[in-house]
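Have a look at the structure that comes next, please.
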Amino acid sequence: MNRFIIADATKCIGCRTCEVACAVSHHENQDCAALSPDEFISRIRVIKDHCWTTAVACHQCEDAPCANVCPVDAISREHGHIFVEQTRCIGCKSCMLACPFGAMEVVSSRKKARAIKCDLCWHRETGPACVEACPTKALQCMDVEKVQRHRLRQQPV
């Protein structure tokens, strides 16, 4: 089942708590104080306009453009999400250019460039850290069935 994170711009206050939670959950010690600026890598991004703020994350597309353009097949669907195999990634940025949502990022380090994106915190039993940390509950982890149920509740009788 295709799961993804959806952001409600009417609830987002732009606090970036989701970014911190994401970076910490993907760091080996999971300790905010232990993160250096080079290690602070969030897979979700808060974007701001003069009238609104919202979070942007991978939409876990069924026919993912990022996976389709990867020249080394480093991007595939695993564990119910689009996954980047870091050992295969060559950091070419093709995936970043192909993503219609701007959810792919290529991060350079001293060793090599690598593509990163939301993996729905597959390593956490409780689900995505950003969803859990959001103080206004602007983020939700959804699947197609949840979206359909939500739409049915919103339709007038």
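Numbering starts at 1 and runs along the chain as displayed.
Every residue gets a Cβ built from N, Cα and C, even glycine.
Residues annotated as [4Fe-4S] cluster 1 binding site in Swiss-Prot, with similarity to another entry given as evidence: Cys12, Cys15, Cys18, Cys134. Swiss-Prot lists Cys22, Cys118, Cys121, Cys130 with the feature [4Fe-4S] cluster 2 binding site, giving similarity to another entry as the kind of evidence. Look at Swiss-Prot and you will find Cys58, Cys61, Cys66, Cys99 tagged as [4Fe-4S] cluster 3 binding site, backed by similarity to another entry. The [4Fe-4S] cluster 4 binding site annotation in Swiss-Prot covers Cys70, Cys89, Cys92, Cys95. Annotation comment: Swiss-Prot describes 2-32 as domain '4Fe-4S ferredoxin-type 1'. Residues or ranges marked as domain '4Fe-4S ferredoxin-type 2' in Swiss-Prot (evidence: sequence analysis): 48-80. Marked as domain '4Fe-4S ferredoxin-type 3' by Swiss-Prot on the basis of sequence analysis: 80-109. What Swiss-Prot records for 112-144 is domain '4Fe-4S ferredoxin-type 4', and it gives sequence analysis as the kind of evidence.
Help me picture these features in the structure, burial and contacts included.
According to DSSP, Cys18 ([4Fe-4S] cluster 1 binding site) is assigned to a helical segment.
Residues within less than 8 Å, Cβ to Cβ, of Cys118 ([4Fe-4S] cluster 2 binding site) and separated from it by at least 6 positions along the same chain comprise Ile5, Cys22, Arg43, Ile44, Ala57, Cys58, Gln60, His81, Ala103, Pro128.
In the three-state DSSP classification, Cys58 ([4Fe-4S] cluster 3 binding site) falls within coil.
Cβ contacts within 10 Å of Cys89 ([4Fe-4S] cluster 4 binding site), excluding its own Cβ and spanning all protein chains shown: 19. Mapped onto three states, the DSSP output places Cys89 ([4Fe-4S] cluster 4 binding site) in coil.
This prediction places the mean pLDDT of the domain '4Fe-4S ferredoxin-type 2' (48-80) at 93.
Outside the domain '4Fe-4S ferredoxin-type 4' (112-144), and at least 6 residues removed from its termini, the chain residues within Cβ reach (under 8 Å) are 1-13, 15, 17-22, 24-26, 41, 43-44, 54-55, 57-58, 60, 66, 74-75, 79-84, 86, 89-91, 93, 95-96, 99, 103-106, 150.
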What is the set of residues, excluding Cys58, Cys61, Cys66, Cys99, whose C-beta falls within 8 angstroms of the centroid of the C-beta atoms at the [4Fe-4S] cluster 3 site?
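Checked against the 8 Å cutoff, the neighbours are His59, Gln60, Ala64, Pro65, Ala67, Ile82, Cys95, Ala98, Pro100, Phe101, Ala103, Met104, Lys117.
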In whole Å, how far does the CA atom of Cys66 ([4Fe-4S] cluster 3 binding site) lie from that of Cys130 ([4Fe-4S] cluster 2 binding site)?
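Each residue's Cα considered, Cys66 ([4Fe-4S] cluster 3 binding site) and Cys130 ([4Fe-4S] cluster 2 binding site) end up 22 Å apart.
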Looking only at Cys18, Cys66, Cys121, Cys134, which of these binding-site residues has the biggest number of Cβ atoms within 10 Å around its Cβ?
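Sorting the candidates by Cβ neighbours within 10 Å, the top entry is Cys18.
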Restricting the comparison to the binding-site residues Cys89, Cys95, Cys99, Cys121, which residue's C-alpha is spatially nearest the C-alpha of Cys134 ([4Fe-4S] cluster 1 binding site)?
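Comparing Cα positions, the closest of these binding-site residues turns out to be Cys121.
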Cys61, Cys70, Cys99, Cys130: which of these binding-site residues has the highest Cβ count within 10 Å of its own Cβ?
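Output for this query is Cys130.
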Provide the number of Cβ atoms within 10 Å of the Cβ of Cys58 ([4Fe-4S] cluster 3 binding site), excluding the reference atom itself.
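Taking every protein chain into account, the count is 24.
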